[in-house]
Amino acid sequence: MSISHAEDILPSRIGDMEKLDAIRQPQELESKAPQNPNAVGPTDSGRDAWMTIAGCFMVQFCTIGYSNAFGVYQDIYTREFLPDKSPSDISWIGSFQYFMQYAPGVFVGHAFDAGYFRHMMVLGSFLEVFSIFMLSLVRKGQYYQVFLAQAIGIGLGQALLFIPSLTVISQHFKKRRSFATGVAVTGASVGGIVWPILLNQLDQKASFGNANRAAGAVAGVLLLCANVLMKPRPVESKALSGVHLGVKSIFADIAYMVSIGAACLVSLGLFFPYFYLQLYTVDQGVAPHLAFYTLAILNAGSIVGRLVPNFFADRLGPYNMIIPCLFLTAVLLFVVLGVHSFAGIVLFGLFYGCTSGSYISLIPSIIIQLSRQSGQPGLRMGFAFTSVGFWILIGTPIEGALLHVPGSNGSLLWSPCIIFSAIAVSCGAVGMLISRVIFVRQARNKGLGQLI
């Protein structure tokens, strides 16, 4: 080979080596980054996956399902146990319980991303069961004792259970995530059927204390089984990055922030029937032994709402299912203004349970979908529920205050609080529609062909 020919080949060989180095360099940097070799992606099947769904079902039964029975407590406290307190004062107990369940979400979510799933499940189970037994010991007329046991104690225990049990589903399911979530949160609907009947019957036939002791025993057994069944996967190393970086990315995600704002508005009015339907039924002249079943009927309707829309959401997209359900929920709240018979209330409860249950079960899928690029699903789920918690805190007390309008002579005026709830949910539905539009544009700009 001549020297001149070698000189011609040398530059091209050098260029090829530089290109090869450019390809290798990111791979070498990536290999040097700390990774968890045991981290495994979602499988959408398998024993561990479905055992986790079974455990999550039990957790939802004992958290949201139990909270959905607060209408029983609202009725008992208003008429018997705390008769010197107004419906608004009493609703603060339930709304603060929801608030405590959601408010620590940012910290709970970050702890999940850091691998503390088991720690939170054990501690949360103990706190909830212990607080339910403490509720059985409170004295009649002692508002502060009820507030400490039910609003703070039970609420905090549920905070450590609720968000981790939803987020762990994303470790096992991807393509069928919405349907798997729907199956899991159906536990809340079943709990919403069982808890009101259990509490009402035992309160009538035994006592308030014995009713809560029985509830504590049932919750204890189910949460013990849930801790055994749920199987978290090892977390990926990128989930262990600083929480400040995750929060910064959250505020930069416009579609996510708009969806959270919409969820906050929905939360102002969505829970009105779950708190006041039993009291509303009694106030319409329906016999108490029939009115006691309205919450169970409401939650029975939500079983269909938590399964069917979630099944189609995996095919049509969670946004395309949640938006119509929200508009239907708002319409039903307006319709209840003209419902006064027990038959009408039953029909309202079934349909409202279906539409509102769809929203409650689909919102985690939307949050996970909006979090798929962040690597911190727990943090984003927690931030969402923390934000929503503040609005749940004030929503039902506002509705309770609207029941007592000056000049009403002590009677309950339902129209103002029903209209307030319906308008709040309507505005939230519009906000979720705006979030969808923004998300579609972002997906198209990134060339993503994902379901919305």
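Backbone N, Cα and C define each Cβ position, glycine as well.
Keep in mind it's a predicted model, so treat the numbers as computed, not measured.
What TrEMBL lists as transmembrane segment is 120-138 (among others). For the transmembrane segment (120-138), the residues of the chain that approach it from at least six positions outside its boundaries are 59, 62-63, 108, 111-112, 145-146, 148-150, 153-154, 156-161, 164-165, 208-213, 215-216, 219-220, 223-224, 226-227, 230, judged by C-beta separation under 8 angstroms.
Summarising the annotation, TrEMBL assigns transmembrane segment to 144-167 (among others).
Annotation comment: TrEMBL describes 179-199 (among others) as transmembrane segment.
TrEMBL lists 211-229 (among others) with the feature transmembrane segment. Beyond the transmembrane segment (211-229), the same-chain residues lying 6 or more positions past its ends with a Cβ under 8 Å from any Cβ of the stretch are 51-52, 54-56, 58-59, 61-62, 66, 118, 121-122, 125, 128-129, 132-133, 135-136, 161, 165, 195, 198-199, 202-203.
Annotation comment: TrEMBL describes 250-277 (among others) as transmembrane segment. Nonlocal intrachain contacts for the transmembrane segment (250-277), taken as residues 6+ away from its ends with a CB within less than 8 angstroms of a stretch CB, comprise 68, 70-71, 74, 87, 91, 94-95, 98, 192, 294-295, 298, 326, 329, 333, 336, 345, 348-349, 352, 356, 359-360, 363, 366-367, 370-371, 374, 379-380, 383-384, 387-388, 390-392, 394-396, 398-400, 403, 417-418, 420-425, 427-432, 434-435, 438-439, 442.
Long-range contacts of the transmembrane segment (289-309) within the same chain, counting only residues at least 6 positions beyond its ends with a Cβ under 8 Å from a Cβ of the stretch, are 65, 68-69, 71-72, 75, 179, 182-183, 185-186, 188-194, 196-197, 200, 273-274, 277-278, 281-282, 321-322, 325, 342, 345-346, 349-358, 360-362. The transmembrane segment annotation in TrEMBL covers 289-309 (among others).
What TrEMBL records for 321-339 (among others) is transmembrane segment.
The transmembrane segment feature in TrEMBL is assigned to 345-367 (among others). Only residues 6 or more beyond the boundaries of the transmembrane segment (345-367), in the same chain, are considered here, and those with a CB under 8 A from a CB of the stretch are 64, 166-167, 169, 177-178, 181-182, 185-186, 188-189, 256, 259, 263, 266, 270, 273, 277, 280-281, 284, 286, 294-295, 297-306, 308-310, 313, 318-319, 321-322, 325-326, 328-329, 332-333, 335-336, 339, 377, 380-381, 384.
Within its own chain, the transmembrane segment (379-398) has Cβ neighbours under 8 Å at 88, 91-92, 94-96, 98-110, 112-113, 162-163, 166-167, 243, 246-247, 250, 256, 260, 263-265, 267-272, 275-276, 363-364, 367-368, 370-371, 417, 420-421, 424, counting only residues six or more beyond its boundaries. The feature transmembrane segment is assigned by TrEMBL to 379-398 (among others).
Residues or ranges marked as transmembrane segment in TrEMBL: 418-439 (among others). Within its own chain, the transmembrane segment (418-439) is flanked in space by residues 254-256, 258-259, 261-270, 272, 319-320, 322-323, 326-327, 329-330, 333-334, 336-337, 370, 395, 398-399, 402, 452, which lie at least six positions past its ends and keep a Cβ under 8 Å from the stretch.
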